[in-house]
Amino acid sequence: MPLSNYGRLALRFSKQAECVVAEIPTFLCPLLARNLQSPKLVHNQPRKSVKIQRRYVQSQAQTQVQDTPESSSVASAQAVARLPSQCAGCGALSQTTVEDEAGYYSLTRRSVKEFLGTSHSARNTKATAEDEIVKKALENVDSTILETLGMETPSSATTSIEQPVCDRCHNLKNHQTGVSIYHPSVRALQQTIDESPYKYNHIYHVIDAADFPMSFIPALNKTLNLTPQRSHNRRSRTGKFYGDRKMEVDFVITRSDLLAPTKTLVDGMMPYLTSVLRDALGRAGKGVRLGNVRCVSAERGWWTKKLKEDVFERGGGNWMVGKVNVGKSRLFHEIFPKGRGGNEVIVGEPLPVDALEDRREVKQTTIGGFPSTGANIDNNITREADVPMGTFRAMGVESEKTDEASSENELPDDESNDTTSLLPPAQQETAYPSMPLVSSLPGTTASPIRVPFGNGKGELIDLPGISRGELELHVQPEYRNSLVMKSRIKPEQKVMKPGQSLVLGGGLIRITPTDPDIIMMAYAFTSIKPDAHLTSTDKAILMQSKGKEPFIDNITIAGSEEKIASAGIFPLKWDVTKARLKSSTTVLTDKGKVDELPFQILSTDILIEGCGWVELVAQVSKRRLMKTHPADSNTANDTTWGWGDEEEAADEKAWPSVEVFTPEGKFIAARRPMNAWMLNAKPQTKTKARPRRSMKGFEKSRKARARAAGA
């Protein structure tokens with residue numbers, strides 16, 4: 001066996017420190033004993049001692065395992081008692097009875113066994129026993145001896161095991177398989193927020209940028225008794241209390257990286273986003289400031305730092321409200337203030353109970369001469385170390401005396417046993433707690449997840465999402481992941497000539513122009529697979545009704561062709577002539593010149609709930625727009641889903657329009673165009689020919705020849 005560095009260093013000082021070496025146990029460094037003895041026994045005695053020591057360690061470990069009584073029933077009861085009260089991924093109550101429901105923990109899973117401390121393999125037991133023997137031996141050795149040998153004093157490193165999630169969250173995270181939970185109503189969310197223990201509450205209404213503003217909840221203000229929006233009047237009230245609580249709201253548009261490639265372009269779209277949100281508010285949106293609109297991106301980190309600071313400075317109850325799959329849990333990861341607070345926090349360990357008190361009370365206690373809270377931090381940490389870091393209990397409530405006669409396999413008597421409350425108790429505050437699970441499955445969060453921060457200053461609460469429509473129920477399971485936009489789409493321009501239609505998803509959605517003499521351009525900003533397909537209207541109808549064998553994949557389930565219905569007729573009524581001609585000559589940039597053009601470029605965005613949008617553009621003669629539309633009544637009835645000015649919706653111009661067909665005639669809306677295609681347009685560069693040869697040298701030579709000829 002080659003001599004180690006510690007052995008060489010010990011041999012160098014063996015003659016000067018024979019007495020020192022004699023104090024070191026032989027099994028710690030067998031090479032020292034081999035070199036101190038006679039040469040005849042160099043190859044025998046150390047090997048025997050090493051073998052004897054190894055056998056001793058193994059036999060000792062085996063006897064320890066055999067002597068430990070482990071009954072299966074008692075171990076199972078204790079394991080269930082040590083499980084966290086709620087799953088940190090979905091917030092469901094922990095249970096070990098129903099496997100198909102959220103919150104189920106399988107006691108045979110490796111991560112659960114490691115968290116509960118019931119995983120005892122022979123290899124781990126042997127390694128642990130050897131480490132304990134070496135650690136105890138090093139603790140008895142003087143530090144000067146260790147410095148002489150070049151060894152460091154062993155330090156007690158604290159390690160914590162990550163809290164496991166339930167089997168449903170485990171399958172969603174690793175295998176992308178799972179079942180959605182029941183989606184609550186707005187009334188259920190209102191009852192949950194009414195149980196808030198805070199006087200000051202702030203609602204973050206999360207809206208998805210993929211189908212903005214379809215994920216907006218219009219009835220949220222009246223249902224939750226929110227503070228009315230401030231008007232333009234400078235004397236308008238800044239806040240209002242309902243009962244003994246104050247509820248404010250911020251509109252947070254998430255996943256803004258789906259709109260534009262850079263943060264600067266997204267910031268430039270804020271006036272457009274505010275105007276569209278004002279249209280979605282209806283009459284309530286007229287005359288209000290809407291200064292509480294934020295546009296963030298958790299994926300890119302755009303404006304999340306500012307939102308995190310606001311959450312920490314505001315404190316109190318911060319509620320994430322929105323529909324399913326709008327990015328609430330992903331935004332939760334970015335805006336939660338981790339590691340904040342004045343007290344020293346050990347990572348992975350619960351905060352001391354005294355740290356949950358108000359800072360002013362802590363100051364008064366210290367100034368008044370009583371023992372400060374920092375003096376008992378070590379004792380509290382030791383007392384709380386036995387509690388799992390995911391255990392949920394009421395904040396600031398801790399019994400000083402424990403009942404010694406209580407059994408270990410019983411759950412603690414706290415608020416977590418109260419199943420009648422819609423709001424679960426708060427969990428123990430840690431510096432870096434477990435975050436909610438992020439998944440593309442609609443309805444991942446099963447119950448409110450309360451995560452405190454700032455030494456009891458406030459909480460950030462992730463609420464379950466409201467139903468956003470059930471379009472995924474009409475899609476085959478293997479294609480449902482393609483419905484959710486995960487990155488910005490660069491679509492291909494599709495030119496829809498008369499008699500053609502645009503098909504999405506192989507027949508899931510069909511867009512057909514109603515005017516037979518207008519050419520439209522379509523840009524599908526969706527991730528639905530297969531990609532948008534342009535075909536004749538007759539073939540598109542057969543594809544959607546499954547009348548013949550399709551040549552592209554149809555992602556709809558069996559029987560969905562019988563539920564295909566018209567979702568409405570949507571006119572292209574917004575003028576985008578100036579935006580489309582901005583790259584033309586400077587003569588057309590003047591508004592007066594643009595109005596004098598004999599045509600108009602009209603556009604609209606067809607929204608697909610939870611999937612994206614399709615931008616439609618058409619160039620129409622102004623003379624044609626002055627004609628009377630043959631189906632005024634139908635168009636007026638179908639403009640209820642379109643967000644825009646009532647004056648534009650009620651006019652009598654012959655706008656070009658399209659009809660959309662979807663399962664059950666749902667999941668479609670319209671908004672004023674974003675002109676997202678112009679952000680993807682590449683700058684046109686003229687292909688220059690070879691530059692003309694310089695004639696400077698040629699002119700000099702010509703003049704020189706002329707002078708020579710004249711002479």
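Each residue's number is its place along the chain shown, starting with 1.
Glycine residues also receive a Cβ, built from the backbone N, Cα and C atoms like all the rest.
Whatever TrEMBL says is automated annotation, not expert-curated.
Here the structure is a predicted model, which means the values were calculated and not measured.
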Region 'Disordered' per TrEMBL - which of 338-371, 678-711: 678-711
Given ranges 150-173, 630-653, the stretch to which TrEMBL attaches the annotation region 'Disordered': 630-653
Tally of DSSP helical, extended and coil residues in the compositional bias 'Basic residues' (702-711): 9 helix, 0 strand, 1 coil
